[in-house]
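Novice: First, the structure itself, so that you have it in front of you.
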């Protein structure tokens, strides 16, 4: 096959329009015009004239087709631009949605962490009595402490009383002991005196 460079293909496309053979039609039109100008008979001239009209119609049809394709391409470009903008807007909305979802995830993590800490504190609190019960227990302990204090004072008063009574008892015993000793000494003195008197009588 014949190798065609990009430059040759580009020039042919520029000349040939959309590549539907417009350059060939133009060449045929030029040849038909030359033949029509050089035609010898009227019949031959009419035949060349018809060919030129046919070729012109084909060129007009091709040009109209090219314009339609051009308009369609413009509309497609506008449509692609609209689609591109819609895609850009969708991407931007997706980014915003992702950012919002990230914020919601962080907030959900904080809520979950706070809930876990709350549950842990609730378990700790459950192991301790509430404030009302604690106050009742403190009040009961205060009353018990006050009762014990009164009991202690009563016991101390009784101990003081028993100490005084014991002191009086000891004093009484000591006096009784002194009296007994004195009585015993007096009896011994009387017995000694009686013995002495009996001795003196016998002499």
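Backbone N, Cα and C define each Cβ position, glycine as well.
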Novice: Which range is it, out of 21-48, 49-76, 77-104, that shows up in TrEMBL as coiled coil?
Specialist: 77-104
Novice: Can you tell me the mean pLDDT for the coiled coil (77-104)?
Specialist: 93
